[in-house]
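The block underneath contains the structure these notes are about, expressed in structure tokens.
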Amino acid sequence: MQRNREKMEREKKLRVCVATCNRADYSKLAPIMFGIKSHPEEFELEVVVLGSHLIDDYGNTFRMIEQDNFDIGSKLHTIVRGEDEAAMVESVGLALVKLPDVLQRLQPDILVVHGDRFDALALATAAALMNIRILHLEGGEVSGTIDDSIRHAISKLAHYHACCTRMAEQHLIAMCEDHSRILLAGCPSYDKLLSSHHREDYMDIIRSWLGDKVQNNDYIVALQHPVTTDIQHSIKIYGLMLDALLSFNKRTLILFPNIDAGSKEMVRVMRKKGIEQHPNFRAVKHIPFEQFIQLVCHAGCMIGNSSCGVREAGAFGTPVINLGTRQTGRETGENVLHVRDADTHNKIYHALELQFGKRYPGSKIYGDGHAVPRILKFLRTIDLDEPLQKTFCFPPVKDSISQDIDHILETQSALSVDLGGTNLRVAIICMKGSIVKKYSEHNPTTFEDRMHLILQMCKTAIQDAVCLNCRILGVGIGGGIIHHYELIHGSTFCAAELGHVIVSLEGPECSCGSRGCIEAYASGLALQREAKRLNDEDLLKVEGMDVKLSEPITAAHLISAARMGNSKADAVLRKASSALGVGIVNILHIVNPSLVILSGVLASYYKEPVQHIISQRALASAQTIKVVTSDLEEPALLGAASMVLDYATRRTY
């Protein structure tokens, strides 16, 4: 019974396997491992170590994992030595041979994989083929070399994603990953980095690596790795960097490159130049992350092509010189000076002169120090009963050859509603933008009657849609803002309530309950109200203007009176034009569009006055924006339909 009880308790916990391949990924995974370990009632942690962790030439860094009191469940020797392209491929193959036994024995609920190394690709491939869920850290980022391809390949294999930046999140969405399975967490290393880099004993750490004479901000940290897609050029840059550092004549801590193809040749270059014996240099294979933080934080400069330079160093404001293309595309702070075409010693030396000893504002592009709590919360939400097969959120494909029977038999359509001042209009509009059927009724005077009529008109249209073989995907009401050729919906699908931009605190009452909205001045209903007021005061008619007693007064009468010289009507329209123009200027200053499109029966009248107000009142950056009128048959109805059709079809997989 005791054994059964223990087994049931284990089954309730989420079995998380964290696999670490090298010193760099452990700095990101360790905070998560500590977080998982601190909640033994919820999680069961298994640790797998492989890759360069187990190689003496790279510091046997598995020992630091043991020093952190983690039980290593499996150690897999997966590196085939050679440090060339073939050795990398053979290492992936060797890992794929060894991993199945380990994963079958551990039977994790989820495997946590970091980054973009070839070892991580082997891990993700093995787990995916063995139907083990994968959480990928730092997906969606962009950099140079083969790492980009590997990173994106792992993202496609992974079921869940914990990314570091908003841009990385958008990249994953663009890669058709399910938004609900993407967590914007920040970089886990920042949790330790931001909380521990203000240590009082930092000078003791610095002097333990660089000697007693070294001073704060008066040394350089150098870390350069091979670029596997252009090995010979990266070796050349490495030699030029060493020459520049020798000439610059500052105390320098240089770390050995990683195990990628080309690293052996880079080490040969370093030894040929006598770096290990030079009094200004200290060459090391590995530094514990906590100490490395202090060394980077207080350095006068960091140079090379390590991601640490564009990520962690930015948090401290440490000046960085990024050499070559390995980090091309990475988001960086202002502390990074790029020397992408690092083809001469003088160019690198000049960069050292510009950067050494500066301090920059700290940057939190990659994290705010709270990544681990977010990731643990995310892990708790994983439902193991959900289907294992991941789905991709592809955009809609136009004119697909293979179709569902519903798409063949029915026309995907939207129901559009135009709440006009005079009339209420409803239309069935198909995917091609054609109006299938349109309905129009005179606008009742009370709110309750309007709502009743709108609902009745929509019910009638929906009933007719069945007979017309149209499938209604939704109902659209509202204005619109187009950004990057896409309609902005907003968090509650109510974005672009442009008619309710307030242009005066003491303006007329609006139908929304507020005062001074554009709609209260410039809508058809507002102008109709002013026309009726002038007519009641016998101030609307002018000579030559014919208004029948039975004819309802509308905004058209106001425009006609103004054109025939009625100063009162003209003043109302000028005030309405000014309100609309000022409101549009406010919108221009917020979203800076390339074009303003006016639609409706009053559009042609408002075009010139609004253009004039923009030229007079807008900032210089917006004064040249053109105002045009829509030449569509029913722009209001079509615009409302586009909100539904755009949203509904992009989520139809």
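Any Cβ shown, glycine's included, is placed from N, Cα and C.
In TrEMBL, annotation is done automatically, which means it is predicted and not curated.
What TrEMBL records for HIS500, CYS510, CYS512, CYS517 is Zn(2+) binding site. Under the heading domain 'UDP-N-acetylglucosamine 2-epimerase', TrEMBL lists 41-379.
In the predicted structure, the domain 'UDP-N-acetylglucosamine 2-epimerase' (41-379) carries a mean pLDDT of 92. Sequence-ordered, the extra residues of this chain that approach the Zn(2+) site, with Cβ no more than 8 Å from the Cβ center of HIS500, CYS510, CYS512, CYS517, are GLY499, ILE502, SER511, GLY513, SER514, ILE518, GLU519, ALA520.
Residue with the densest Cβ environment among the binding-site residues CYS510, CYS512, CYS517: CYS517, by other Cβ atoms within 10 Å. Spatially close to HIS500 (Zn(2+) binding site) yet at least six residues away along the chain are CYS510, CYS512, SER514, CYS517, ILE518, GLU519, judged by Cβ distances under 8 angstroms.
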